[in-house]
Amino acid sequence: MLTPILSSASCSWTPTSQFPHSWHSSPSFLTKPLNLPFTESYKTAKRPTPNYSFKVQAMIEKEVAVSHKPDAFLRESDMGSNVTSNSSSVRGRFEKMRREAQDSVCLAIEKADGGAKFKEDVWSRPGGGGGHSSVLQDGAVFEKAGVNVSVVYGVMPPEAYRAARPTDNGNVKPGPIPFFAAGVSSVLHPKNPFAPTLHFNYRYFETDAPKDAPGAPRQWWFGGGTDFTPAYIFEEDVKHFHSVQKAACDKFDASFYPRFKKWCVDYFYIKHRDERRGLGGIFFDDFNDYDQEMLLSFSTECANSVIPAYIPIVEKRKDTPFTDKHKAWQQLRRGRYVEFNLVYDRGTTFGLKTGGRIESILVSLPLTARWEYDHKPEEGTEEWKLLDACINPKEWI
């Protein structure tokens, strides 16, 4: 889940997707040709479709382990006079939001688990930026829970800028372009097969004006989503989860929920199985169609909705009695989760190919999973109902 050929998410960068849904120790979302559509759902977003096939590289500094978590990973120029409140810039406020999201989710998970604590790893980069991984394993309720945050400063080549701005004046030939990227990403795997897995990720990317073209426009975009992967369907749980996502979306635009729900269904598709990883949620990418302030507020609202969408379901299901059969089915569905992340997830596959920070890249994987040869649940069973919903996505609300 969670290095670029910007030096990799660890730190070099061959773009293949502007925003992979997962977040690593460096900006893994910088891994695709900018503005290049890559799924049907992306096409439905009515984005431009230039044909760029080049590969580019960018540079960021190598991360260095540190012993304590700083108040912020921002450069001093991005922080203003009060680090705790941060500057009025979108960079500063998004960085603050992703730290608060990590803290609040970790506290909620520890409380729900009843005793286990997160292990924390922190790193920084000499020129600014850094990251913080929080991972809980073998708790009373959670088999594995990871919540990662990252801030990256780097430089992209002019080819990437031209791809991002195909309508710019062709006579403008900008030089290397500094960029900023920040995000929070999490995957939560409970032990009880009746409690669902949850993934969420929210991120922001911004360029500075090119060094050789100070008048050129600055680029920015948001991406992210929250999705839900149960092993067994409790309709009240699925409706609750989707209702919280819809409520967050509807505060900003009534078109967001249906648009982003479809995008989520399309993205989390396991092609070789012809089924979805789970029961959906919301997903958006390369998103700058609206005012920047509005989209910052929208991303914040979505991140703040994670706990009310998920924790009540975990509290309801964590102590439900289960059998070995239930656990085996959960492990088979965990196998599907592993397949998607290692084969299709853009952040994971990019990080593995570019020598990224492996512990952050693989933090999304469950501790245990299972594969059985030619396993098919009997039609009409609870297991079959879940599989059918993954093959034939439904409208839950």
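Glycine residues also receive a Cβ, built from the backbone N, Cα and C atoms like all the rest.
Worth saying up front: this structure is predicted, and the values here are computed from it rather than measured.
If you look up Swiss-Prot, you'll see HIS199 marked as active site, proton donor, on the strength of similarity to another entry. Using a 10 Å Cβ-Cβ cutoff, HIS199 (active site, proton donor) registers 27 neighbours.
As annotated by Swiss-Prot, substrate binding site applies to SER185, ASN201, TYR202, ARG203, GLY355, GLY356, ARG357, ILE358, GLU359, SER360, with the evidence given as similarity to another entry. Around TYR202 (substrate binding site), the same-chain residues six or more apart in sequence whose CB sits under 8 Å from its CB are MET97, ARG98, ALA101, GLY183, VAL184, SER185, PHE222, GLY223, GLY224, GLY225, SER299, CYS302, ALA303, listed in sequence order.
Residues or ranges marked as compositional bias 'Polar residues' in Swiss-Prot: 79-90.
Swiss-Prot lists 76-95 with the feature region 'Disordered'.
Marked as region 'Important for dimerization' by Swiss-Prot on the basis of similarity to another entry: 135-144 (among others). Away from its own ends, the region 'Important for dimerization' (135-144) comes close to residues 106, 109-110, 112-119, 121, 187-192, 195, 314, 318, 363, 365-368 of its chain (Cβ-Cβ under 8 Å, at least six residues beyond either end).
On the 0 to 100 pLDDT scale, the region 'Important for dimerization' (337-372) averages 88 in the predicted structure. The region 'Important for dimerization' annotation in Swiss-Prot covers 337-372 (among others).
DSSP assigns HIS272 (site 'Important for dimerization') to coil, not to a helix or a strand. Proximity of HIS272 (site 'Important for dimerization') to non-local residues of its own chain (separation of 6 or more, Cβ distance below 8 Å) is seen for GLU339, VAL343, given in sequence order. The site 'Important for dimerization' feature in Swiss-Prot is assigned to HIS272.
According to DSSP, the secondary structure content of the region 'Important for dimerization' (135-144) in residues is 0 helix, 6 strand, 4 coil.
Separation of the C-alpha atoms of HIS199 (active site, proton donor) and GLU359 (substrate binding site): 17 Å, rounded to the nearest whole number. Look at the Cβ of each of the binding-site residues SER185, ARG357, GLU359 and count the other Cβ atoms within 10 Å; the largest number goes with SER185. Reduced to three states, the DSSP call for HIS199 (active site, proton donor) is strand.
Counting residue by residue with DSSP, the region 'Important for dimerization' (337-372) contains 22 helix, 0 strand, 14 coil.
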